[in-house]
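Quick look at what TrEMBL annotates:
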| type | residues | note |
| --- | --- | --- |
| TRANSMEM | A:7-28 | transmembrane segment |
| TRANSMEM | A:34-55 | transmembrane segment |
| TRANSMEM | A:75-100 | transmembrane segment |
| TRANSMEM | A:112-129 | transmembrane segment |
| TRANSMEM | A:136-157 | transmembrane segment |
| TRANSMEM | A:182-202 | transmembrane segment |
| TRANSMEM | A:214-235 | transmembrane segment |
| TRANSMEM | A:265-287 | transmembrane segment |
| TRANSMEM | A:308-326 | transmembrane segment |
| TRANSMEM | A:338-358 | transmembrane segment |
Amino acid sequence: MSRYYYYLVLINMIANVIASVPAILLHFHDDGAVSAMIVSVVAGSTLVFFFTRFFTHFPGMTLPELLQKTTAKWFYNPFILVLAITWFIAGMITLITYTFLLIRYLTPEMPIIQISLTILLAVILGCLMKTDRVFYTIEIILLLTVPLIILIFIKAYTNENLRWEFVKEAALYFNQFPNLNAFSACFFLYLGSANLIIFNRFFKNKQNFGVKQITLIVAISIMTLFTTYFIPIGFNGVEGIEKLVYPWITTSDSLRMKFSLIERVLFIFLLFYLGIAFLSILIHWHVSIELLKYVFNFEKFKFKGFKFGVFLPIPFYIGVSLYFVRQLNEYQLFRLSGIFYNILIIFFPMMLILFFFIKRRMKNVKKAEQN
Amino acid sequence: MSSEEILLWIKEQFKNTTELTQKTLDYDNKHALLFYVKSLIDQESLQKLIIKPFFEMANENQFKAYLIALPQFQKVESKEQAVSEVTNGNTLIVIQHDLYLIDLQLATNNQVSTTSVETTIHGSNIALSENLMTNINLIRTYYHQASLSIEYFTKGEVNQQKIAIIYDKELVNTKALEIIKQKLQQLDQQVISASTELNNYLNDKRFSLFPQMLMTERPDRIVYNIAGGKIALILDGNAQALIAPAVFFDFMTTMEDNYHTLFISLFVRILRYAGLFVSLLLPGLYVGITSFAPEVFRTELALTVAGSRIGVPFSSFVEVLFMLFFMELLLEASIRLPKAVSATATTVGGLILGSAVTEAALASNIMVIIVSAVAISTFVIPVNELAFTIRIVRLILLLITSVFGLAGLTLGLYGLIMYLVYLDSFGEPYLRLFNYQKAKKSSEGQA
Amino acid sequence: MLKKRNKIKQFFLLIILILTALSGCGEFKDIDKDVFVSMIGIDLSDDPEKPYKVTLKLYVPTSSFKQSPKPEYTYLTKNGKTLTEAIRILETHSDKEIDFGHSKLIVIGEELLNANKSKEIMDFLLRRPDIQMISWLAIGRPSAEEIIKMVPQSETAAYPALFNYFDHNGTDSPYIVTTYLFDFRRKMLETGIDPILPLIEINKEEEHFEVNKSYVLAHDKKPHELSSLDTLIFNMMTRNLDVADLVINEDNQHFIAKIDNINSKYKVKVDAQHQVKLNIDIELFGYISESKDTISNQQLPQYSKMVEAETREKFSDFFIKMLNVGYDPIGFGLAYKSKTLHNKRMSPNEWNEAYKNSKVNIKVMAGIKSTGSIQ
């Protein structure tokens, strides 16, 4: 598999370390979170496997293109629209989470609209770029941010204040029945490969996705899940962990870089994670806008020859995001993310059924083309 | 069209000037008519190659054969070509209604100079000359391949300058070559005087910030890039070549990187990128940290900064702008000034102004350090064109930071990277990792 | 083509306009308009209406540390009904914005500690996002205010001397316990481990601090003070100490063993009847650093025996004391929890009872390797 594919998977996993996923998991620390994590590794990797295998059969084809060939219009248009909205919400949740983080920890005096506008303005024009350029941007920003984030993780693991007894205590809750909410939060980490529904147009050559590749993804996901869940516990104990609003921020504030220019790891973490959040929003909204292009014919909106159609979704995206940034509070955001994740665990397995259907139809289409 | 008509037409063209010299050679039944512009030709060669043999030859036919055999011989294809060649330093010879052009151009600008902009310690120090033929000669002596092709265009409606496109037929990026040729054909400027002007003319974006072509004076750089499948453009009368397509990383390399040992060049590269980031981010970082998030720095440093700002009348943003403004003035001034005076300017500007500003508490000590650090790190960027761009981008980032704080600075940097990736240079993505690895069998396509 | 680009340019121009408009409402405050808090002191006030007394130690920035190497501070003190109220009033007392982001030490007065208000204090400290989770927490005797207001002779600008006791950069004494705010929080909330805080005292005559005792505390319990020796034993059990001195006074032999390598392990064993056994293993290696009598090289094994006996006695004293008051600063309860499935664990109350009745088994292995440079 091309290295760009792993970026998609990886970003979705690490971007959620800071979002609601650890908060949801830790909320159910004595109610089946550990077992949910174990189950989600199996379920998530299965989904990743079938999802990716499906798209490797159709190199360079996006999902809407496949649907156009195989399904009726009454199904196709609403379905793509639902997908576009789903991806928009995924990006918006990251945006709002990060806005809340910045206002809480970095610039408490700044108006919340201004903070979210910072992120919005930086991201929004990037969503209109060509798919390959989105990939190149991802690669470079990852190269800049990931080494430092990994360094922080290593510092956390080697810190003498990380008490493994807490970790063991929490891990011993594994024999409970998996919690559904915790499961759906973990499951969300695996949905990075779902971005292939648009990004597959970049992979024009036949890709190889087999046991080796899925093993790598499983290994990375286990490491991410373990870090996401157990490191905050090792630093903050088991009891009362559900009371932390941003477990990872509190954890990073428990680290100190004794001799560095910036002493509090919190700020390094916050600013470098901003890059990951940026990429996560960029990917989700790029997919969302590209999907919208299949539903609406933006090309026909012209003004003196200038095609402003492609810019049409932008005001909506900014407007809706700003509205929700103002309306939601932390608890509502937490609930919204939870509900969103819960819907996705039904939605994506359903899509696998759809894929099966498409694959069969595509065989017919190919035969028809050959004749 | 007969040769008489051509002759008449040519005379007509030069009618009102005294430039055109007409000389008749007449001896022993041999007749020849010479037309040339005296100031353009090498009179010694004229005497040695044409006049002396004329008198030694047995008959006209032998002389004709001799002329055709001369390496400087050129065929006359049209009257326009004849005129333009005469203005280029050719001598037009008429024997029995036959026209011959002999290139006797006297070039005073064919001296190969030493590098002045892209100086290096290692490697060759030869720069291009201002003469096109000498330059092509230089490139050919560095690049021995039959596939090296050179195409000429004549552009500039008024001054009719010659542009050479040099590339390796086997290796060249054909997509970029087509774009360049097409754009050259569309070019309709009156006067083209410098090759760097082409940078703007060939780029159809009016508001471009980053250079799309690499300007260089080093033949080794040109050869290196041609071997990498790029295309070099040289304008006659210019000691600078343009290389296209240029990507961002081209502007961050010097030729010396290839001459050093691995670790040295790695070290130098890291230093250079660190310099790039420092010169881009430091002013913004200062504003962001002092005005938006003073708790980011470690305590000792925060107190030092806070202490040094005591009594400074401006807010940090104005303070940075104020000092950057003087630094930019100093940079501009030292380019224009004669070498003898520029040292004084730097002393006055840098030392006296710097210390006086802190004495008068118009800026903090830390600010002076930051501005000088920024100035120094700007010089680390090896290609001048990029350094100029960075100076502007720095201001933009500073502005963003003063509105949106540290998060704005970070996102501004990411946005800048995104903009660079979005840019194209003649069909090539401007910024992309592993740009040079032109693996034919890459596992993904472009979308 | 060209027109489209122009439109994009106009779009960018529009954004720039928005940016400039926004810069008006942006909160732009310079660093010299901020004043940084260095330490926070919280005391019990005399006024029962307003029980909290907050003292802030503020850095006074000087233009150059070279010109004024002496540290300069200002202090703000105020009583309040709640901590937030006290701080809100303090903010009106200062001409600059009070920035808590640089505060590294929180001192709690001894009286307040005994007044059992730790829950409210912790809530305040944790809830404020600008208070570092890596601040140190300590108890001040006689009061936090006095600790905070004292500037010892040796202090340099920008780095209060008190910080050197805790950051392991300056002194690294085996008698100092270091507790970060997050560490305090987790130990406070967790059953099975109790937080321990260092006690800072003032030596009036010599004008310096003494940090060698500590306090163990828990909810709804009277805090228990640990003597210097107990603090040392606590550190030997939990920290990887590099040095410790043991005074041996036995059978007419009087010497001091300097221990430079300590290994301590503990195991919690619980049988079916909820009988807890605490197995403690200690290995000590070192040399003799001081002695009243002459010391013979050949007798090193005997000296080791003496050290073992002495250590065992001191350690068992410590653990018996801890079991009697029911405090568990080492975390035996946590060790038990980390080895038992959650549905088979004793309830916290059961565990507390069992812990109080546990049997302590101490094994000491000492190796005195040298008598120092002389015999």
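Even glycines carry a Cβ here, placed using N, Cα and C.
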Listed stretch, out of A:7-28, A:265-287, A:308-326, that has the most CB pairs under 8 angstroms to the transmembrane segment (A:34-55): A:7-28
Winner by Cβ pairs under 8 Å against the transmembrane segment (A:182-202), considering only A:112-129, A:136-157, A:265-287, A:308-326: A:265-287
For the transmembrane segment (A:338-358), sequence-distant contacts whose Cβ falls under 8 Å of one of its Cβ atoms, 6 or more beyond its ends: 20, 24, 47, 50-51, 54, 66-67, 70-71, 86, 89-90, 93, 180-181, 183-185, 187-188, 191, 194
Stretch contact, the transmembrane segment (A:7-28) with the transmembrane segment (A:308-326), Cβ-Cβ under 8 Å, 3+ pairs: no
Top partner of the transmembrane segment (A:265-287) among A:112-129, A:136-157, A:214-235, A:308-326 - counted as Cβ pairs under 8 Å: A:136-157
Top Cβ-contact partner of the transmembrane segment (A:112-129) among A:136-157, A:214-235, A:308-326 (pairs under 8 Å): A:308-326
Sequence-remote partners of the transmembrane segment (A:308-326) [C-beta within less than 8 Å, at least six residues beyond its ends]: 88, 92, 95-96, 99, 112-113, 116-117, 120, 124, 127-128, 285, 288-289, 292-293, 296-302
